[in-house]
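Undergrad: Dropping the structure in here first, questions after.
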Amino acid sequence: MRCRILVLCAFICLFVILTEARQRKVNHSADRRSLAVRSGQRNQRSSARHGAGLAARSTNQRKRRLNAAKRSRRRRNLARKSNRKIKAKTESVVRSGSSYATLPLDFQQNFVRTTDNLRSEKAFLANRYGFSFAKTSGTATLKNTANMEYTCKMNIGTPKQKFTVLPDTGSSNIWVPGPHCRSKACKKHKQYHPAKSSTYVKNGKSFAITYGSGSVAGVLAKDTVRIAGLVVTNQTFAMTTKEPGTTFVTSNFDGILGLGYRSIAVDNVKTLVENMCSEDVITSCKFAICMKGGGSSSRGGALIFGSSNTSAYSGSHSYTYTPVTKKGYWQFTLQDIYVGGTKVSGSVQAIVDSGTSLITAPTAIYKKINKVIGCTATSSGECWMKCSKKIPDFTFVIAGKKFVVKGNKMKLKVRTNRGKTVCISAVSEVPDEPVILGDAFIRHFCTEFDLANNRIGFAATTYAT
């Protein structure tokens with residue numbers, strides 16, 4: 001009986017042990033499944049976070065690309081609007097029949113040239129026309145070369161960058177100081193900044209013009225040029241990178257507005273007036289210069305594009321025309337020159353040059369003029385006299401018509417280096433032709449430069465000069 005009880009107890013214990021083992025196995029499997037589930041959930045959460053991060057970065061990149069595209073479109077739209085405005089302005093000028101404009105010339109008040117001014121102007125002319133003046137001891141220390149009397153305003157770029165320029169019929173390029181010019185002359189004047197213009201177009205071709213004390217060097221560029229309310233798009237001009245010496249340091253202008261023929265343009269650049277004609281900015285392919293001024297007056301006449309209606313300056317005086325004999329400079333045949341009743345010259349070639357205040361004459365003509373007016377010639381090619389001296393009138397015969405300049409207007413006041421004011425003849429000596437007719441002549445006659453018909457017109461002015 002006792003044995004049976006022991007066997008039964010053993011079976012019960014074995015059953016309990018087996019049951020507990022089986023339960024532990026079940027629990028262990030459940031734990032593993034739970035762990036796997038939790039691990040999967042963690043992985044899912046991590047993947048979700050990683051995916052969300054990638055999505056956010058992708059969204060940000062798309063936003064940046066969209067913003068960049070918007071900015072680019074905005075810039076293009078602004079440029080298109082600017083071009084449309086320029087085109088509309090130009091077209092409105094043509095459609096309205098007002099396809100010409102008048103630009104005031106500014107006159108340097110109470111201008112009195114110095115001997116350095118005088119000799120520097122002669123150095124300019126010598127380099128420009130390839131002749132030499134008599135040598136002078138002042139040549140090596142010339143200063144204030146470009147202190148000319150007449151200037152005008154011009155704008156370049158979008159928005160406008162404003163410049164004061166010298167209107168020069170003796171050259172054909174436009175140039176202004178560039179952003180990289182470190183010369184003293186550039187630092188003292190307004191400089192063009194291409195980065196500030198939405199209409200700037202890079203060219204990069206080198207540019208150089210030789211003057212009395214060195215070469216003005218730079219690079220070519222294109223931009224919109226505005227002058228007298230007229231607009232020319234893609235005008236080629238030069239940004240200077242070097243303006244050596246003292247040539248332009250004290251000039252009263254920032255740059256040059258060349259108004260000659262394209263054939264004398266450096267790098268064969270198309271001129272401003274030529275572009276005005278080809279773009280129909282002006283319907284009459286011509287321009288005119290009427291100069292006046294003196295004393296304390298600051299207005300020196302006008303530069304008129306697209307018209308020869310200069311009645312405000314020439315009154316009822318009509319134009320006398322003569323053909324251009326050589327396209328390049330504004331060159332023509334000057335038939336005769338008289339001083340008083342004495343003929344001092346027969347037919348010679350002459351050039352109208354608004355870039356100088358002087359008149360030049362070949363040696364033989366110069367000596368005859370000096371003999372008649374009774375001035376004292378110097379070794380430097382000038383003829384000096386007392387400012388109180390009366391001299392005869394000068395008569396220039398062009399296309400059969402006599403153009404008279406009063407004798408007292410053919411004297412120029414000059415201040416010497418010692419501070420003394422004296423007078424010289426407006427005519428300076430050069431070895432040979434052509435005769436150069438600068439501001440001393442132009443001031444008395446409105447002058448029309450007609451590119452369409454290759455002719456020059458002169459009409460007497462009606463105001464005091």
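Note: Cβ is positioned from N, Cα and C throughout, glycine not excepted.
Remember, it's a predicted structure, so these values are computed and weren't measured experimentally.
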Undergrad: Of the residues Cys375, Cys383, Cys423, which one does TrEMBL pair with Cys387 through a disulfide?
TA: Cys423
Undergrad: Between Cys152, Cys181, work out which one TrEMBL annotates as bonded to Cys186 by a disulfide.
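TA: Between Cys186 and one of Cys152, Cys181, TrEMBL records a disulfide, namely with Cys181.
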Undergrad: Taking the Cβ of Cys186 (disulfide bond) as the reference point, list residues of the same chain whose Cβ is under 8 angstroms away and which are at least six residues distant in sequence.
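TA: Looking at Cβ-Cβ distances below 8 Å from Cys186 (disulfide bond), excluding near sequence neighbours, one finds Pro177, Gly178, Thr240, Glu243.
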Undergrad: List which of the recorded positions Cys181, Asp353, Cys387, Cys423 have their Cα within 10 Å of the Cα of Asp168 (active site), in sequence order.
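TA: Close recorded positions: Asp353.
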Undergrad: Out of Cys181, Cys387, Cys423, which of these disulfide-bonded residues is nearest Asp353 (active site) by C-alpha distance?
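TA: When the Cα distances are compared, Cys423 comes out closest.
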Undergrad: Cα-Cα, whole number of Å: Cys181 (disulfide bond) versus Cys423 (disulfide bond)?
TA: 38
